[in-house]
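*Asks:* Sending over a structure as structure tokens; questions will come in a sec.
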């Protein structure tokens, strides 16, 4: 066979089966963004109504670009640098840009896995440490800083991160986090040490076990008290959001980054395929699995949202009930939880002067279930604070905590396998690098990333994490994929690309793929690129959110504690003051 001659010529290893390749792509593409970013976007843009622009963008942008990268990798049988150099000697820099972007991602992405390890290890306790406030130094009561915030926030910001008040305040390395990061990189190394031979075995677990956990959480989630409120919220679409350009932009962006385009991981994975492997069907399957997982995870998340929002709402009603009983000297059973709002209106009308004394407290503590459900949280705020808050209120919280953070860990490690492969594969294509053993070269790359990544475990490390998360792989990836699709369509040529696909699959791509590559996808990417540039210019001086323990000890509320600071001098920005008013909630975290 032709493939046998190719193997003799380049000696390149292959996946043991097409299933291994599919699972590797699923493990890479299905990551933390499916769990903590997509549900946030649904919440932000009208629940289930967001699925309409999301699925449209999948067809116009996600599928064609995913298909294109797999085709390039399988045809060229090289990593990103070698593949693009084969297309044109002038495009070698495009592959190098993918490697550098993947390097940036690897530096901070494994920090999330370190946090998952940290929470996982702390889950094996009789009382979850984020469920209660620690005792103060005088041993007279709970720590004041924790009481002003919440135990879950205190544990994340003070115990997990030991975060400083600003990016300018540099502190030492958090020993516990550093050890967890070393463990995360050690496991990553073990999983990639023998290339696709070891990665191919691992993905059977990293790609499938998270679905088992999600399914268990689905069963538990829908049976939680108040879960129906969250599910109603998700499946009651606000169709007016379809007229919001931001919803379409976010849908296109989510598809783009969720599939992991532009990093070179897909090209690297596909380069280990058999030459006649049917990557077209695999591209469709993986893309649909990725999007389906986002929707599945959202159902689980909104059930949790409903549970937590209902508890917060009923706690609020109970506080109002006690306030009314004490103020108007009513019998204990005079006001029920269901009649609190009616009694507020009744007492305000009947005793206006007496009610005026508590009017401010009633307004500040307004109880509104819809408002609770509208509180949108993403990123680490959702993964390590909202879910932790919900878990501690469940029966057997240790069990649910172990399952959840083990799932996060597997999702993160699965994505890391693709990220690190995007670095190692193209570099190993160079003769000087290929002379090293896989074990040595992979070890050097992992140690290099680990040493640089230790900076994220310092007291100001979370602020640097935010910078990398927001800027390291946004503009660069859009630009890389835009040049990729232009290079394939107009430098390499659609007709030549068609012939390559026919040589591998036995048939040419249909009109849909060609229109997407030549017209639709490039225009969408140009639009996204322009939008991000305009947004960046209009955004003014970048801000970030900081945890200020001095403000906590002074008795400030959460929007003052987790506040936005100007990046230059630490002064509170007007934009942040507005955000703090809008997101006046104990879950105000943005990452």
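Here the Cβ of each residue, glycine as well, is placed from N, Cα and C on the backbone.
Unlike curated records, TrEMBL annotations are generated automatically.
According to TrEMBL:
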| type | residues | note |
| --- | --- | --- |
| BINDING | 29, 30, 34, 258, 290, 411, 415 | Na(+) binding site |
| TRANSMEM | 21-39 | transmembrane segment |
| TRANSMEM | 51-70 | transmembrane segment |
| TRANSMEM | 90-111 | transmembrane segment |
| TRANSMEM | 171-192 | transmembrane segment |
| TRANSMEM | 204-228 | transmembrane segment |
| TRANSMEM | 248-272 | transmembrane segment |
| TRANSMEM | 284-305 | transmembrane segment |
| TRANSMEM | 402-428 | transmembrane segment |
| TRANSMEM | 440-465 | transmembrane segment |
| TRANSMEM | 471-494 | transmembrane segment |
| TRANSMEM | 515-537 | transmembrane segment |
*Asks:* Which of 51-70, 284-305, 440-465, 471-494, 515-537 shares the most C-beta pairs under 8 angstroms with the transmembrane segment (21-39)?
*Replies:* 284-305
*Asks:* Which one of these stretches, 90-111, 248-272, 284-305, has the most C-beta pairs shorter than 8 Å to the transmembrane segment (171-192)?
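*Replies:* Selected stretch: 90-111, with the most Cβ pairs under 8 Å.
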*Asks:* Assess whether the transmembrane segment (90-111) lies in contact with the transmembrane segment (284-305), where contact requires at least three Cβ pairs under 8 Å among residues 6 or more apart in sequence.
*Replies:* no
*Asks:* Return the residues near residue 258 (Na(+) binding site), defined as same-chain residues 6+ apart in sequence whose C-beta is under 8 angstroms from its C-beta, sorted by sequence, else 'none'.
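*Replies:* Long-range Cβ contacts: 29, 31, 33, 34, 37, 38, 62, 290, 291, 294.
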*Asks:* For the transmembrane segment (471-494), what are the same-chain contacts with Cβ under 8 Å, counting residues 6+ beyond its ends?
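*Replies:* Sequence-remote neighbours of the transmembrane segment (471-494) are 65, 68-69, 72, 84, 87-88, 91, 94, 97-98, 100-101, 104-105, 108, 256-257, 261-263, 514, 517-518, 521-522, 525-526, 528-529, 532-533.
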*Asks:* Taking a Cβ cut-off under 8 Å, which residues six or more beyond the ends of the transmembrane segment (284-305) line up next to it in the same chain?
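*Replies:* Beyond its ends, the transmembrane segment (284-305) has Cβ neighbours at 22, 25-26, 29-30, 34-35, 38-39, 42-43, 51, 54-55, 58, 62-63, 66-67, 211, 214, 217-218, 221-222, 224, 227, 230-231, 233-234, 254-255, 258-259, 373, 382, 386-387, 390.
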*Asks:* Quick one: which residues besides 29, 30, 34, 258, 290, 411, 415 have a Cβ within 8 Å of the Na(+) site's Cβ centroid, in sequence order?
*Replies:* 26, 28, 31, 32, 33, 259, 260, 293, 294, 414
*Asks:* Counting only pairs at least 6 apart in sequence, do the transmembrane segment (515-537) and the transmembrane segment (51-70) share 3+ Cβ pairs under 8 Å?
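*Replies:* Since 3 or more Cβ pairs under 8 Å link them, the transmembrane segment (515-537) and the transmembrane segment (51-70) do come into contact.
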*Asks:* Within a 10 Å radius of its Cβ, which of these binding-site residues (29, 411) has the fewest neighbouring Cβ atoms?
*Replies:* 29
*Asks:* Any chance you could find the range in 51-70, 248-272, 402-428 with the most Cβ pairs under 8 Å to the transmembrane segment (204-228)?
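*Replies:* Answer is 402-428, with the largest number of Cβ pairs below 8 Å.
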*Asks:* So what's near the transmembrane segment (402-428) in sequence-distant terms, Cβ-Cβ under 8 Å and 6+ beyond its ends?
*Replies:* 24, 27-32, 34-35, 78-83, 95, 98-99, 102-103, 105-106, 109-110, 112-113, 116-117, 119-120, 123-124, 184, 187-188, 191-192, 195, 199, 202-203, 205-207, 209-210, 213-214, 216-217, 260, 263-269, 271, 383, 387, 391, 434, 438, 441-442, 445-446, 449
*Asks:* Which residues does residue 415 (Na(+) binding site) neighbour through Cβ under 8 Å, counting only same-chain ones at least six apart?
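*Replies:* Counting only residues 6 or more apart in sequence, the Cβ neighbours of residue 415 (Na(+) binding site) under 8 Å are 27, 28, 31, 32, 109, 260.
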*Asks:* Within 10 Å of the Cβ of residue 30 (Na(+) binding site), how many other Cβ atoms are there?
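*Replies:* There are 28 of them.
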